[in-house]
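Worksheet for the structure shown next.
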Amino acid sequence: MVHYNEADGLNSSYTYGLNQDENGFIYLGSDNGFFRFDGAEFKQFGSKNGLKNIEILNCFPIPNNEMFIISFLNDFAYLKKGRIINSDRNPELKKIKFTYTTLSHINGDTVYLYEGDNPKNILVYKNEKITTIPIFIHQDASDDYFTFGLNMTNGNLYISDRYKKKNIEVYNVFTRKKTISNISIKRNTMITRKGDFFILKNEKKIEVYKLYHEFHFKKIASYTAHENIHRLVIDKNSRIWACLENGGLLYFRNAFMKAEGLSDPIELMNRYIINDVLVDKDDNLWFSTRNNGLFFISELFFRNYIHFPVKNNSSHITAIAKNGNRIYLGYNEAKGGIYHNGIITDIHLEGNSQMENKAILSDGNTIIFGLSKNPVRYNTTTGEKYVLKENVIKNVVPYTSGSALFCTLEGLIAYNHHKGSYKKLMMGSRIYTALPYTRDSIFAGTFKDLYKLNTATKKKRLFLEGYYFTDIKKLSDNLYAGATNLNGIILFNNSGVIKKITESKGLPTRQIKKIEIENEKVFWASTNYGLSRIEFKDKKLKINNFTHIDGLPSNVVAGCIISGDTVYAGTSKGLGILSIKSLLNQQEHVHKKVIINSVKIGNTHFYDLNKPLEGKTPDNSLTFNVSFPDFASQGKISYQYKVEGLSEDWQTGSSPNITFNSIPPGNYTFKIFGLGYNGKKSYISTDLHFEIKPAFWQTWWFKLLLVFIGAAALSILITFYFQKKRNKKLETLYYEKKIAELELQAIKAQINPHFIYNCLNSIHFLLYKKDYDEAENYLNTFSVMIRKTLHYSEKTFMPIKEEAEYLSLYLNMEKLRLKDLFDYKITISENVNESWTVPSLLIQPFVENAIKHGVANLQDRKGNIEVLFQHTGTALCVVIEDNGTGIGKKLHSNANSFGVKLSEKRIETFRQLFDTNIILEIADLQEKEKRPGTQIKLYIIPYENQNTGMHH
């Protein structure tokens, strides 16, 4: 039995009506609101949750997952989707106003409410609306009726006058007619109805009537209790529970409608005043009380109890043994007991009641109760008791026929109960258990080691070190099972340890008290955590653990006895008698599902989980509030769960609030199993689908837009970068061109003075020779030359035709100056367009150089200078060739002549300004063609994108 009170979260003094909803939750009315219990946690609903009246008499389920809340007199409410709806939220509820105790009747999805005394109306609650059915039961003012048994299938309301001795009347709410029945009832009678059966309670008496044809009652059973009854409860199995005024319950095991009538009741819960009884869907029992909280008894425990209703079966059992068909019990006081045919007979053993029983030995008609200080020998035939010699007993185990081994504080002693003699076998050590394994050999266990003792020589040999054995039993030849205090169960033979069985193998604890052999393949272990059945099957180990949930009176088990299909367990709360077959046939799964109460997404709670469940980033953290109403597990509940689509790994936890943080967008399914007592899993998972929708920045179109914007931004940045770089380059080129133009102007400015200087020298030379005619002719030519030079020096480019005319004028002037020292020839090839332009004044310095350094100093031949304009297909080639001495060793000086240096600067300037590639080649014809002279080639290659007027 489990007692729930304030320490468990049940914060109330009085507890009233009990009910269970379709999900299996238990609802409990109290003087402090109402509570919902899921097997692990009490959830309280009070004024903070919306109750206007916290004196809640009952809560009962109605369709649409609602709980209708019956408060004392008024301020009714209902619970819907986790929220209390009161009269402020639904004004319809304000129509419910009663003066006396409220009675209710549920028919399908409709709740009918009426007063127990002199009702004027029946209020109908359906679909959150209140309607009224007026009733007219009073014929004169002196009528004082109390009502019961409303049946809205046929509209009959049963009424009885409180003071006038009248038969029960049947009032039909549809026809408004009264019909008199065949029986009357005494004043202050309380009536409970179930179908066609009416159970009447008046003081101590219970009467059961069956209704025939709506108006005729027939008594079928009655019972008179030993004290007044303050309430009757009819459970779902049609059993009557009578709550006694001074505490306790009377439970009638047979259904009241059976022909045999009411059986003699079983009395229980004597110390508590019971207000209500509920038998839940699994036949577990719940009891609400006055000032003592809530009690729970599992179906298995109660079934075991009612089939073993022994009044004095609650003492703390510390030892148990079997003798024939009797079970002998030793208690934690100087008292023993004999169980036989459902009755326990007490045996008082010693005046000092504080001595407990350490063990019991049964041998024929002799029972030895191993009291902690003075063992007592008991004769089952004569009932004679004999107190043995004082020994501090730790254990008593069988030895030979007619003798026993006393394991004592001083050592191991053999006691012959036929002769009454003692024999010391191994002294000087505390012995806790022993087992003879051959005629002259005994296993003897101290608090830390196991010895082999030879009884003939009284020599001991250390066998197993470090084990504190509390019990040893033989499984088969040369195979033993030992219970230890800290090391679980040790299987060993005469050579040593074979196997250790601890929690890792399935035991509930390492502290084992006793071993009981069922057969050579099966044995039982008694612990403070219940019973364990250990079976070797196909070389595999199978362990079944059983506790009070399975029907044991308590988990603290001192020992057990196996007899056929029955296990007798001595516990701290009495003797438990269980069917082994029933224990082993328990279902492997719990036939229940996990209930998902609510889901919190971000800061929003969802209670209606039938609707699509959706969240959206950044509100993408979810908390599931769950329950697993497996009450038989008594709070030992955990959960196994995963979110499909997020992870395939199962997680396990005991918290009812399961949180997942920052779930990415997607569709998911939350799957959860309940894990109850002994790790039993719910038979099926509870699944809930939900979706986390992406924020706009997580959608595919936004990502695509981001890619597009990113690409566009990158393109703009790249374009901007290269545009900036180009602008910078153009700006640089602009200034470079400015500088180059200035340099070109400077070069031209240098060429003109240089040319004029040379011409003036020539004129000066002619005047010096007094060759006035030549000087005049030269001056005329020079004046034309000067005008053309000044004209072309202002231009960047000039046509080839004009370049040829300018060169011819220059050569004529130089030929005149040098008295026909050379001849010249200027040729323009047919594949050259005379209108093509070339950089102005570029060729003249090279022609001047040919005259000055090529032909001017010839002695043996007349000089010859040729200028050729030709097109090579990709470039305009200007060839200046002379037949002079060649360049040879004079290359360096020629290359550095002032005119050539200026021309090279002009070539570089044109390259910068106009992207015009001009290549200068100087060759010595002696080396190239074995003839005297120098050849200069200028390749002028314009770029196609330049609009310079050059050749294309």
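The chain as shown is numbered from 1 upward.
Glycine is no exception: its Cβ is also placed from the backbone N, Cα and C atoms.
Bear in mind that the values here come from a model prediction, so they are computed numbers and not experimental data.
These features come from TrEMBL:
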type	residues	note
DOMAIN	631-693	domain 'Two component regulator three Y'
DOMAIN	743-820	domain 'Signal transduction histidine kinase internal region'
TRANSMEM	700-722	transmembrane segment
*For the transmembrane segment (700-722), could you work out the same-chain residues 6 or more beyond its ends whose Cβ comes under 8 Å from its Cβ atoms?*
none
*What are the helix, strand and coil residue counts for the domain 'Signal transduction histidine kinase internal region' (743-820) according to DSSP?*
66 helix, 3 strand, 9 coil
*Helix-strand-coil residue split for the domain 'Two component regulator three Y' (631-693), DSSP-based*: 6 helix, 34 strand, 23 coil
_Give the mean pLDDT for the domain 'Two component regulator three Y' (631-693) on the 0 to 100 scale._
91
